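In what follows, a structure is listed as C-alpha cells, so that the remarks can point back to it.
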Amino acid sequence: MDFPRYSAPESLANSCAILLPVLVISALAENAEAGFLLLAMQIMQAPMTLIGTSISQVYLSTAGQEWKNGTLGRATIGVLGTLLRLGVAPLLLGCLLAPDIFALVFGSEWRRSGELVLWMTPWLVLQFLASPVSMALHVTGRQRLALVTQVLGLALRLGAVLLAHAYWPARIGEAYAVSGAIFYFGYLWVIGHCVQIRFAELFGQVRDALKFILPAVFLALLAMWVLP
C-alpha cells in the first residue's frame, strides 16, 4: 500500500540528486564545467543503465519469494558477486583510460570530461553494484527508508556543490563526484542492512573478484604509461 505513496517522490528525489547539482554548477561555474560533467555522466551511465536494468529485472522477479523464504540476503550477495566479477573490471578499465579516450574521440578540448570520469570512478562502481539490487528496499517494505535515503542523497550532493563553490570553486566537479561516491556507499550499506547481508560474505565476493579486477587495473596503468 505504501508503494505509490513513496515511489513517486523517491524517483523525483533521485532524478533531482543527479541533475539539480549539474544545473547549479552550470549557474555558478565560470567555465564549461557543467558541460564536461554532463558528457562524462552521459557516456558512462548509458552502458551501466542498460546492464543494471537487465539484472535488476531478473533480481526483482525472484526477490519477493526469496524474502519470504529468508534467503534474500544470499540472493543479493549472488547478484553483487556477479556484478563484481563480470562488470567492475571493464568499468574500471574504461574509467582509468577515460582522459585519453575522451580526448581521442571528442577532441583534446574534452579531455576534462575524462578527468572527471576518473574522479567519478568510486561513484560509478558503487552505483553499478547498488542500483540493480535497490528494489530490495521495496520488497522488504522499506519504502519510507528508500525515500529518506534519496532525499539525504540530494541534500548531500547539492551541499557538496555549494560548499565547493564557496571554498574550492576550481574543484566543484570533483566535489560532486566525491559526493556521489559517499552517497552510493551509504546506499549500498542500507540495502545490505535491510536484506540482512553478512558483510563477511560480501568481502569474500570482493576477494574472489580481484582476479578479474587486478588485471584490468594493470592493463589500464600499462596503457596510461605507454600512451603519450
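From the backbone N, Cα and C atoms, a Cβ is placed for every residue, glycine too.
Among the features that TrEMBL reports, transmembrane segment is placed at 12-29, 35-62, 83-106, 118-139, 151-170, 176-197, 209-227.
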Give the one range among 12-29, 35-62, 83-106, 118-139, 209-227 whose Cβ atoms make the most pairs under 8 Å with those of the transmembrane segment (176-197).
118-139
If I count Cβ-Cβ pairs under 8 A between the transmembrane segment (151-170) and each of 12-29, 35-62, 83-106, 118-139, 209-227, which range comes out on top?
12-29
Which of 12-29, 83-106, 118-139, 209-227 shares the most C-beta pairs under 8 angstroms with the transmembrane segment (35-62)?
118-139
